[in-house]
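Engineer: Feature list, courtesy of TrEMBL:
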type	residues	note
SIGNAL	1-19	signal peptide
DOMAIN	5-324	domain 'FAD dependent oxidoreductase'
BINDING	43, 44, 166, 183	FAD binding site
BINDING	223, 278	D-dopa binding site
């Protein structure tokens, strides 16, 4: 059988990392990446890129923990390599603070991040409005740098990348044996997924190089995430809003909320506003599907719907998607050898 042709649709962090995992685990396949948007125009470019998991109600916790652990291990190795700066990955320490003690004082990911512990009374004095806190060290990706790094890794493997809008997965059936759908919020229209909805996020990127520690309010709405070049201030979670236009009132609100956690941000310079639509559903859609028309079949693997937690689990879900592609390749080989008989 000729090398199976695989098309990965989507060039955000999920699409790029899934394509890379397929190349690594299925070296006999021929992989092509198709997308109508590449960095810096993807939703992933707006993401803060902090590795702090968001819980998916429809996915077992042990699965979410595995995805996070695989992602953390992968990025930690990059952060310890000579490529850390180019890939935009670095360790950052800080605090998650709560106005009242949360039901779950020890989240499922506490033993994956580094040095997780309850905050001391002295540390909490920095946050007089908050009663409880957790201190830990995690990883942060400067997303545009990381996307460029992933793209460079893919090109080095010889993968072809094309700017192409795919309106229907079936249109690829004559060119490819397997299609991997990593279209994020685009899957709402592409495959008519009614369980998928946007959660609009507006963030500010500011110049405040003196801010070295992350601070995250336990409700997940207000956060300060220092990157290599800029500090990301957030944020919003507006369900089912499709607007990509920055809202000036929201910008002021985010800035004020962040200044209440870190007063020195009043001096922050050069404020840039970014908006992205998180592709949200009860659980990540990570599964195989067989499309068929008139006796012709097309094998599809879906990997989308990561919501606000895409960066935290991207490598883990990409590895799982690549495993499913491997199963598809095995079934194609099986059917082609049966056809010969």
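Indices start at 1 and increase along the chain as displayed.
Yeah, the Cβs are placed from backbone N, Cα and C, and that goes for glycine too.
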Engineer: Could you measure between residue 183 (FAD binding site) and residue 223 (D-dopa binding site) for me? Cα positions, answer in whole angstrom.
Structural biologist: 27
Engineer: Over the residue list 43, 44, 166, 183, recorded for FAD, what is the maximum interresidue Cα distance in Å?
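Structural biologist: It comes out at 19 Å between the most distant Cα atoms.
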Engineer: I'd like the Cβ neighbour count for residue 44 (FAD binding site), meaning other Cβ atoms within 10 Å of its Cβ, all protein chains included.
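Structural biologist: Around the Cβ of residue 44 (FAD binding site), 30 other Cβ atoms lie within 10 Å.
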Engineer: For the binding-site residues listed here (183, 278), tell me which residue's CB has the most neighbouring CB atoms inside 10 Å.
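Structural biologist: Counting Cβ neighbours within 10 Å, the top one is 183.
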Engineer: Judged by the number of other CB atoms within 10 angstroms, which among 43, 166, 223 is the least packed of the binding-site residues?
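Structural biologist: Relative to the other binding-site residues in 43, 166, 223, 166 has the fewest Cβ atoms within 10 Å.
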Engineer: About how far apart, in whole Å, are the alpha carbons (Cα) of residue 166 (FAD binding site) and residue 278 (D-dopa binding site)?
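Structural biologist: So the Cα of residue 278 (D-dopa binding site) lies 20 Å away from that of residue 166 (FAD binding site).
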Engineer: Fill in the CA-CA distance, residue 43 (FAD binding site) to residue 278 (D-dopa binding site), as an integer in Å.
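Structural biologist: Spelling it out, the Cα of residue 43 (FAD binding site) and the Cα of residue 278 (D-dopa binding site) are 7 Å apart.
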Engineer: Calculate the distance in Å between the alpha carbons (Cα) of residue 223 (D-dopa binding site) and residue 44 (FAD binding site), and round it to a whole number.
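Structural biologist: Cα-Cα, rounded: 18 Å.
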